[in-house]
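Since the structure comes first, as structure tokens, the remarks are kept for the end.
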Amino acid sequence: MIELRQIEHAFTLGRKGNERRVPVLRGIDLTIRQGEIVTLIGRSGSGKSTLLHIASGFIRPTNGRVTIAGQDVTDYGEGQWADFRRRYLGFVFQNFQLIPSMTAFENTELPLVLQGVPAENRRKQTTELLEKLGIAAYADHYPSELSGGQQQRVGIARSLILNPPVLLADEPTGSLDSENEEQLLQLLQSLNREHGITLLIITHDDKVASIGNRTMRIEDGQLVSPAGTPNEYRKLEVVKP
Amino acid sequence: MKTSDKLRFVKQNMAKNKSRIFMTVLATAMGCTFLMMIASVAFGLQRSLVDEMMQGQTLTEIQIHSKMNGDTHEAIKQADVDRFKKLDHVKAVTAQRFTQGEVTLDGYKTSPTGIVTNFEEETKAGLQLSEGRMPTSGAEAIVGYHFAEHLLKDGSSEAYPNSLLGKQVSFNVTGYNPKTEKEEPLGTVKLTIVGLMLKPDKEWVQSTDLYLDDSIQSQLFHKGFEANPNVKVYADSANHVTTLSKALRDEGYQLYSVADSIKEMDLVFLIMKIGLVFVGTIAVLIASIGIYNTMTMAVTERSQDIGIMKAIGANPKTIRSIFLMESFGIGLFGALIGLAVAYGLSALINAVVPPIIESVLDGKAPEGFTFTYIPLSLSLVSVGISLGVAVLSGMRPAARATRIDVLRALRRDI
């Protein structure tokens, strides 16, 4: 489903005329099969978020190719990426990234609005999804009126509303307490089980990492696989597809 | 994304900053009003001058003064008049000759100018009466609107009190006798008044002439005297006036037509109007700085929203169109308000300025003078300029919105 081939990336830092290039990713090869949950762990600055952003199209890699759902998206322009994201990708952010001036309902239906879906269909689909995720009662609430867990559920509802085959999650439990974290992980696992959604999750939380069919560690811009000895994760529940 | 959803976004966004949007719309409205008012003065002036030129004349009228024969001017002869009637696009040709004399009726007298003409041609040319009908024979005549007021009782200032229609008057003709080379009485003609001319447009114009049929010319002029006619050729439409004028000029006729004059005047006013619209546009351009500023602030304030929308699949074109629609909206509201204010101001100026002139300057404003006039074309041009400038002002901020970096907008470290 997702193929990252020889991905290299370097950031250019410093003032003009005095720039220096800082390599972040050094030849990453990663293949994620359809319906697989892959978790990516690593220390801060290891390059894990950069890799996710490359897979999301937010950053273009310095070198290497990105193929998602059989399409080589490496050289896509902004417009092509926008259309591609709506069709194939859902995003779960650490800070939820809800639009503060929109209600939970409006935030959830936003991708449908961008897709040009008629209002009546939007209302039906959004209501169904909010009910399914147990947050229909908060449809008219603004993000500031919701708890962290509720906001993250709205964020997930928004990411799922167009039924994407791939979900990219960046520290999805980073802003949640342990109870909400547990609920969220169960939700992600059930989505994977019931809908076959492919998940790539970036985390530094071992518990989150444990839900992956595979857990990859990234160190100094290179993948170290497997992430560690099985004993390191033996206490964690690992769900196999 | 559907246009209705974009409009909903624009409406929501504008509602978030009502006061800022209001001030920007106000600035645009002021710019638009200034543009319209400054140009409306030129339109008003042109309208007044054209009305003045058109007084008692029509656009299809061509006055023929003389014919050039080498370096000398020759009077227009009856043969020329007959020739004019045969030209293409000619609707009518009137040839008025002037005579003098005294009209008497029941002890009342006046000395009008007698205008001898062909009423059939005058009717074709568009001559209209306020009362009565056109003469059908030489024994009938029509009189000017104020004729009765000048028909005074002998030795007093008492005017004829009754209607003149159907009354028979005596016209004691006096004319130039070429034999004696003196003004001499010619005889008396009995005439029945059958029509009354239209009231002149201007209050100060007095219509006191006596109109006679040219079939009795021999009774109105001394033998051997050929009165020079005042000839007017009427084209069948205003579009043919230029062609007809050119054909007549090519044949050596000296002529004048209102249409030609208006065309020359239009060119001068067109240049003037373009200049004033240009000056007015500067006001709109100043207002556009406000629109640019407002839109730039909107983009900055909403950069996180834009980043989120881009992250979940908003096309840059969609983002750009939303911001362009917002600046278009500001321009539209501003233009419509400006339009309404300009029309109101124009009406106010036209109503208030004449009394001010009369009271302050101790004079009288020209009758029927239009100080400002806003034709539909000026409204459309002004609204078009305001909208165009508004959209241009929004283009750079809109383009900036499309270039917002998703990661930076989401405030994520990479």
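Cβ coordinates come from backbone N, Cα and C, glycine included.
Under 8 Å from some Cβ of the transmembrane segment (B:21-45) lie the Cβ atoms of residues 14, 269, 272-273, 276-277, 279-281, 283-288, 290-291, 293-294, 330-331, 333-335, 337-339, 341-342, 345-346, 350, 370-375, 378-379, 382-383, 385-386, 390, all in the same chain and six or more residues away from its ends. Taken from TrEMBL, the feature transmembrane segment applies to B:21-45 (among others).
Positions annotated as domain 'MacB-like periplasmic core' by TrEMBL: B:22-250.
What TrEMBL records for B:267-292 (among others) is transmembrane segment.
The domain 'ABC3 transporter permease C-terminal' annotation in TrEMBL covers B:278-405.
Among the features that TrEMBL reports, transmembrane segment is placed at B:330-353 (among others).
Taken from TrEMBL, the feature transmembrane segment covers B:373-393 (among others).
Mean pLDDT for the domain 'ABC3 transporter permease C-terminal' (B:278-405) in the predicted structure: 90.
Per-class residue totals from DSSP over the domain 'ABC3 transporter permease C-terminal' (B:278-405), listed helix then strand then coil: 105 helix, 0 strand, 23 coil.
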